[in-house]
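**Student:** Annotation source TrEMBL lists compositional bias 'Polar residues' at B:1-12. The region 'Disordered' feature in TrEMBL is assigned to B:1-21. The repeat 'WD' annotation in TrEMBL covers B:61-102, B:151-192, B:193-236, B:237-278, B:290-322, B:323-355.
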Amino acid sequence: MSNNNASSSSVAVAQRAVKQLRLEAKIRRINVSQAATDLKNFCLQNAHKDPLLVGVPSSDNPFRPPKSCGLL
Amino acid sequence: MASQEESSQPSDTLTTLKTESETLKTKLEEERAKLHDVELHQVAEKIEALGQFVIKNRRTLKGHGNKVLCMDWCKDKRRIVSSSQDGKVIVWDAFTTNKEHAVTMPCTWVMACAYAPSGCAVACGGLDNKCSVYPLSLDKNENLAAKKKSVAMHTNYLSACCFTNSDMQILTSSGDGTCALWDVESGQMLQSFHGHAADVLCLDLAPSETGNTFVSGGCDKKACVWDMRTGQCIQSFETHESDINSVRYYPSGDAFASGSDDATCRLYDLRADREVAIYSKESIIFGASSVDFSFSGRLLFGGYNDYTINVWDVLKGTRMSILFGHENRVSTLRVSPDGTAFCSGSWDNTLRIWA
């Protein structure tokens with residue numbers, strides 16, 4: 001009895017896996033070249049607004065010291 | 001009766017299903033490969049290389065008595081909540097380094113904490129298998145633990161939590177292999193997400209413009225993207241060679257990064273449905289525990305178990321910088337909401353702000 005239960009639950013697990021794979025196979029995909037170009041364009045368009053990338057004047061960044069001083 | 005007949009030949013059905021599973025997996029890889037016409041770094045070749053920039057440890061938050069496990073920023077870009085192995089959850093003002101609130105949880109290893117969008121509450125949990133919400137009182141003397149609300153109940157440790165777009169719903173991931181969406185007010189489970197074959201270690205919500213999806217990563221080496229309304233796994237990615245400790249969406253919502261015990265970080269594009277970059281070096285042999293993007297998505301910050309933070313050029317795939325400072329594993333890392341700084345937490349009991 002317990003054997004049957006174990007096998008039927010393995011079957012159920014395998015059935016779910018197959019169902020999931022069928023679903024994932026169906027999705028629409030685009031070329032990597034197009035996806036990569038979009039990622040690149042997003043970075044470039046937003047680069048000037050990225051404080052860690054361009055560095056903002058100390059007066060605008062609350063974490064940077066307002067004047068250069070040797071903090072020991 | 002019918003089920004008896006089926007189960008009389010269980011091994012045949014199982015074998016058939018497993019074969020079909022393998023065939024489908026191969027077909028999936030073939031479909032993905034057909035669209036793999038170029039590498040991301042090739043598309044990025046002509047872009048100017050990034051110049052030298054200076055990122056330094058600007059603040060050190062001391063006060064935890066044990067390993068810092070998790071942290072999150074408040075939307076006000078200055079407050080931070082952090083949680084620790086010793087059960088303490090602390091709210092800090094990152095500008096002044098002052099502690100504003102402290103709560104002692106009834107359990108140790110508080111592995112997850114999150115700030116509510118309103119800034120008026122924090123959520124946390126860990127070995128207690130729960131996620132609890134604490135409203136933050138303006139009265140510093142008030143005992144926060146008294147107002148605690150238990151929201152989520154899992155059957156194993158809570159590994160990550162985050163509020164959705166309001167204070168009303170929380171998404172959780174757990175060592176029990178599931179993720180779940182909860183209503184904070186009633187504590188009711190609104191949706192559960194099954195599909196990981198082992199502990200789920202991390203999750204991240206898609207940027208709100210992108211819709212109702214989130215990504216999770218686990219000990220089964222898989223990253224899964226889920227539809228929050230239906231509970232359905234929409235896409236899954238299995239290219240890491242070990243546990244995925246951290247997942248984070250790219251700011252446009254079209255991709256996400258992951259950090260793993262296999263010492264690599266990877267970038268997966270959701271529309272191309274595949275891995276498009278690996279951030280690794282032979283010299284990096286310790287696991288990446290946490291990753292986050294800079295505001296434009298050009299930089300990926302990775303906290304590692306070798307105590308360092310590596311800064312990667314997301315497009316070119318090269319490492320820009322290594323940041324030293326922590327004296328033990330970096331366990332958590334988040335960029336501030338406006339991108340002016342990022343915070344890292346470590347097993348050295350401190351949090352550090354870098355800008």
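Including glycine, each Cβ sits where the backbone N, Cα and C put it.
Describe the structural context of these features.
**Tutor:** Break the repeat 'WD' (B:61-102) down by DSSP state and the numbers are 0 helix, 24 strand, 18 coil.
Outside the repeat 'WD' (B:151-192), and at least 6 residues removed from its termini, the chain residues within Cβ reach (under 8 Å) are 70, 72, 109, 111-118, 120-121, 123-133, 198-205, 208, 214, 216, 218, 226, 228-231.
Sequence-distant contacts of the repeat 'WD' (B:193-236) (same chain, six or more residues past either end, CB-CB distance under 8 Å): 156, 159-160, 162, 164-165, 171-181, 242-249, 251-254, 256, 258, 260, 268, 270, 273.
The predicted model assigns the repeat 'WD' (B:237-278) a mean pLDDT of 97.
Across the repeat 'WD' (B:323-355), DSSP classifies residues as 0 helix, 16 strand, 17 coil.
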**Student:** By DSSP, what is the split of the repeat 'WD' (B:237-278) into helix, strand and coil residues?
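**Tutor:** The repeat 'WD' (B:237-278) comes out at 0 helix, 23 strand, 19 coil.
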**Student:** Helix, strand, coil residue numbers for the repeat 'WD' (B:151-192) per DSSP?
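**Tutor:** Going through the repeat 'WD' (B:151-192) residue by residue, I get 0 helix, 24 strand, 18 coil.
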